[in-house]
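Here the structure is laid out as structure tokens; the discussion comes afterwards.
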Amino acid sequence: MRKIAIISFFSIFVLASVSFAQERNAPDFEETDITIFNQDEVVEGDFFAHGEIVEILGTINGDLYAVGEKVLINGKINGDVLAAGGQVIMSGEVTHDVRVAGGQVIINGTVGRNLSIAGGDIHIDAPAQIIGNFVGWGGNVIVVGPIQGNVRLGAGNATIQSIINGNVDVTSSQFELGPKAIIQGKLHKNTIPLSKKNVSDTTKNFFIFLKILNFISTLIIGLIFVHIFPYLNKRAVQLIQKRPLKSLITGMSILLLMPIIILALMITIVGIPIGFMILALYGIFLYSARLPFMYFVGSFVLQKMNKKVNDGWSFVLGLLIITVLTFIPVISFLTTLFIVLFGLGSLSRALKDSYIEVHKKKIV
């Protein structure tokens, strides 16, 4: 289960700093706005770092998890790398797998095994050495450095100008094979149909913008939620863990019955204002219901990794994992439905328990 966290790399953008993370004295977390891991430093075990700027220069004998507006990896990582940020540049050496999500991702270093990237602008530059396979999903993907294994690309624009020792599978609106490109294996091209290809750049950019905005807003709201409502969040998580079936049934009931109730109110003149008010609250509740489940997923992974469960990191990690699943076409719908049902059920029951407790204390 420890490697589940490594797979959870997909996202377009990650907020730079989790400023209110609570366990500030944890030895393997750096929580300043600028995090620098110096060249002469060596860490035995996994290392977590986040900040506005994260720079890794030293040696990590374990896995690296880095989140920042700008992430620079110039050291040696004897393990896997999970990195996410506005800009991620990897010029060092990683002995195992690398998973990156970012607005702009540049790879100049050595990857000992497989490389997976999701981002807006992806560059595998000439100095890079990718020993294993490369999977890239982005708006613009340019491969100049050699790839020892197979390559799979999904991009608006994809360019290969290097030596690929394995097979190449490309799904792209525009694909260019440079004059210096050599593909030792088979090349399979999937051209996006004209009906999709002719969609205006403005529409595409707006769609990407909405994706980024949704990710950032969920991250901000989620971190605020787990910080301001820790009891409510953890109570909802407990209900998911201890009473999953009850949470699921409650969530299904709310999801099915609430629209009927709102519609019944709106067809009456007197009930229209109430219907609109409940509709607005229902929308907010649907959005918020995802947050405890994301926290649950992240905390579960951290526990399996034998790491201290930190509220901020639990939510960030859970959000990244769920983001991965929503990028997979078939699983995307099921994942969203699963999260909404469990979230609605657990959060509604947690709210009920909180109200009962507050009422007993005669606070309201």
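Glycine is treated like the rest: Cβ placed from N, Cα and C.
Annotated features, as they stand in TrEMBL:
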- 1-21: signal peptide (SIGNAL)
- 206-232: transmembrane segment (TRANSMEM)
- 207-349: domain 'DUF8173' (DOMAIN)
- 253-278: transmembrane segment (TRANSMEM)
- 284-302: transmembrane segment (TRANSMEM)
- 314-344: transmembrane segment (TRANSMEM)
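Shown for the domain 'DUF8173' (207-349): DSSP residue counts in helix, strand and coil, namely 128 helix, 0 strand, 15 coil.
If you take every residue in the domain 'DUF8173' (207-349) and average the pLDDT, you get 82.
Using a Cβ-Cβ cut-off under 8 Å and counting only residues 6 or more beyond its ends in the same chain, the transmembrane segment (253-278) has close neighbours at 340-341, 344-345, 348.
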